[in-house]
Amino acid sequence: MNCFAMFGQLMLFEMLLTSINVYRTQACVEFNRGRYSDSLELYKRALQVYPYCPGAVRLGIGLCRYKLGQFEKARQAFQRVLQLDSENAEALVALAIMDLQANEAAGIQKGMDKMRRAFEIYPYCAMALNYLANHFFFTGQHFLVEQLTETALAVTNHGPTKSHSYYNLARSYHSKGDYEKAGFYYMASIKEINKPHEFVFPYYGLGQVKLRSGDFRSALSNFEKVLEVYPDNCETLKALGHIYVQLGQVEKAQEFMRKATKIDPRDAQAFLDLGELLISYDTGAALDAFKTARNLMEKGGQAVPVEVLNNIGVLHFEREELELALESFNKALGDGVWLALTGNMPKSYVIEASDSILDYKDMQLFHRLEEDGLSVELPWNKVTVVFNLARLHEQLHNTGTANILYRLILFKYPDYIDAYLRLAAIAKARNNLQLSIELVNEALKVNDKCPNALSMLGDLELKNDDWVKAKETFRSASDATNGRDSYAILSLGNWNYFAAIRNEKRNPKLEATHLEKAKELYTRVLVQHTENLYAANGAGVVLAEKGQFDVSKDIFTQVQEGASGSVFVQMPDVWINLAHIFFAQGNFALAVKMYQNCLRKFYYNTDSQILLYLARTHYEAEQWQECKKTLLRAIHLAPSNYTLRFDAGVAMQKFSTSTLQKEKRTADEVRSTVAQLENAVRIFSQLSAASNLHLHGFDEKKINTHVEYCKHLLEAAKVHCEAAEREEQQNKQKQEAARQLALAEEARRKAEEQRKYLLERRKQEDEQKRLQQAEEHFKRVQEQWKSSTPASKRRERSEIDDEEGGHSEKRRRKGGKRRKKDKNKSHSERDDEEPDMVDDREELEDEDANMNYRESTTHMDDQDDDNGENAQDLLAAAGLEDSDAEDEAVASSSAAGRRRRAWSESDDDETLQRGPESSPVRENSAELHLSDGEIREDNSKLNGDAALDDDDEE
């Protein structure tokens, strides 16, 4: 039984081992397929089948966990493997890799210790060999790198592992500068992998090697594969930007550079690369990029390179921001001898050094600086900055400071040709052609084939009227560059143009030949450099000489626009040429404007030749006075130029002639003509008396003719002047008489307006006073009505009847007559009074009913008056008279009559003023009917008393 049991156990164990191996095999297959989750499940099943399985199962579990990103569980699995087998090299390598990826100093040290231990346990572990080779690469031990990688390649056939080995070997040769071997091993590394996502580093290395060898297409292909795996890798983006620049695809290059700066806005190098790329296309964007890089370096505590500050200064200089450029250059230079030479130290040597440019060979000043304790040192990386600083001072017209800085460069670096050429340019600007030629020859001693020096020498010889030498020099400059130097070709074109328009006797055939040759040379330059403004300007000049003004004007306009955008390109010639075109087309206004702009922009209004062009334009436009003023300005600048004096005399003569030919001219114009003719006679007489008249190209007989003609005009002008003065005196007398008449008429008009104003004001015051009195009177009447009662009023009427006795009938008749008289009052007055009285009656109706009754009775009386004679007589005749009612009616009628008579008398004046206009409007109550006459009285009682007195007299 024991034997059978043992046999059964052995069979079971073998079955378990077989199952475990099956699971392991399947798990390895799934792992290699990249199905890490399935592989992990198979390893787990194997562990469940036999918990005491070998460490390889747990190693597989750890690798699956690692691939799935479960790093802690992977670490536990690897540590469990080491617990089961302390000398398991694979587990040590895995843990070492995880320690190295921590990117910490302690972790890296632990990882390298485990790698060494794995290497000691098993020296042929390819992975351990590759990681050790990687470590020794960064320590610079390339011999060990090569040995370890060669061993790894010998002991493994695993593609990815061999790819790592080849990559390490290629990287080692790459760092040593052996680009051929490096490229070979990078290619070998790439061949061992299926796609870039598995291992992309060899593609990056191969791209660098191809870029170094100039194979931009292959480099572009490799870097694009890197970008597929890492689309936000700044180094790859910058490399692609450089490649596209070399391929001429500037827009794509800018796109990649800008993307790199957006991904990592703290990468100063990315901004520097972007600035270098934009410096030739967009100076503003390039300046911003350089400034950003400078700020990032300063914030990071890094020293800003001199080159960066120099580039910032140059860009400011190009944008004409000269103060900012000076600040950048000074910051780039720091402390040094240049501070004493530019006047930034208490003891300055600028004045002493700039006394004369003739002392450019005198270096005693710098020896004196050394004796004063100043170190005359100029580091090689600051020579360009000093040269740019001198160029800036030259632009600021500080030629003394620029001169000494150029001499400082020559003192330390005698072979610096550009310093000689700039000194020659300063001498040329001072019209010292001999000194300028001498300085250019000094530059040619350093390099006799320098195209810039040869071209400048040819230009100086041309200005010195040495045509043969100039042509030979220009040809030498062209030959020195095998015909590729555009400036030399352009100079030859200029030579041919000037040869065609020389002041000597012009041969039409020879002139046409030279012009055609000049056009050919200008065209050749434009074919090589399509943006060459000087060649385009030359082509426009040739076309203008041939009479093609419209085409040449378009060319000059484009050249002007291109030249206006850069401080380095000063082209006053294109402004002058454009003005010449306007002049030739008869557009004198635009020609004048263009000449004036050129004179102000480039010559600070101090160029006599352009003033002569401007005067000629005014002359052709028949603007004689402007022509004379312009010529006088030119004479002030060039007093020895007899041509300007002659032209000024001709302008005065022409102005006088045109004035005398006018049909109507003032005395001032004639007097000005006399003065101009006297000046013209004086100028022509001075030119006639000059001893060197023929040297200036003048004919004495012609000048004498001008003198005689001006004298003749002067005699005629005096006669015209006397006539004009008489006419002017008569016109003044007429104007004075007209002025006096106008003053009198104005005074009369003002007096009439004042009178009307006073009358109107008086009327307004009277009207205001009348209204005020009426309002006061109405208030008094209203107060009296409020204080009285109906009974008292009845008693009043009884007493009045007793006193009057039998005279009541007489009074009624008289009152009737009064009412008839009142009818003749102006109805327009009643129209004015009626609305006011109606309003007053409405206010009083609520106060006293009896008062309303009396108002209605009075209104009926008024109606009876309008219809005929006294209604009371008719009632009496009919036998319908009521004694009481009659008494009351009589009393009321009497009282109303008295008031009406008093009011009518007071209204007589106003009735006469208003006229006979009437209105059919009926009268209101006698007691409430107010008129303008009432305003002139004190109160109603006085009117009533007056009426009673009249009745008594009758």
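Keep in mind that glycine also has a Cβ here, set from the backbone N, Cα and C atoms.
Residues annotated as signal peptide in TrEMBL: 1-27. Residues or ranges marked as repeat 'TPR' in TrEMBL: 20-53, 55-88, 200-233, 234-267. As annotated by TrEMBL, region 'Disordered' applies to 778-954. As annotated by TrEMBL, compositional bias 'Basic residues' applies to 809-824. Annotation comment: TrEMBL describes 831-849 as compositional bias 'Acidic residues'. For 924-940, the entry in TrEMBL reads compositional bias 'Basic and acidic residues'.
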* Average pLDDT across the repeat 'TPR' (55-88), rounded to a whole number -> 82
* Asked: Which residue counts does DSSP give the repeat 'TPR' (55-88) for helix, strand and coil?
  -> 27 helix, 0 strand, 7 coil
* Residue counts in helix (H, G, I), strand (E, B) and coil for the repeat 'TPR' (200-233), per DSSP? -> 27 helix, 0 strand, 7 coil
* **the repeat 'TPR' (20-53), counted residue by residue under DSSP: helix, strand, coil** => 27 helix, 0 strand, 7 coil
* Taking helix as H, G and I and strand as E and B in DSSP, count the residues of the repeat 'TPR' (234-267) in helix, strand and coil. => 27 helix, 0 strand, 7 coil
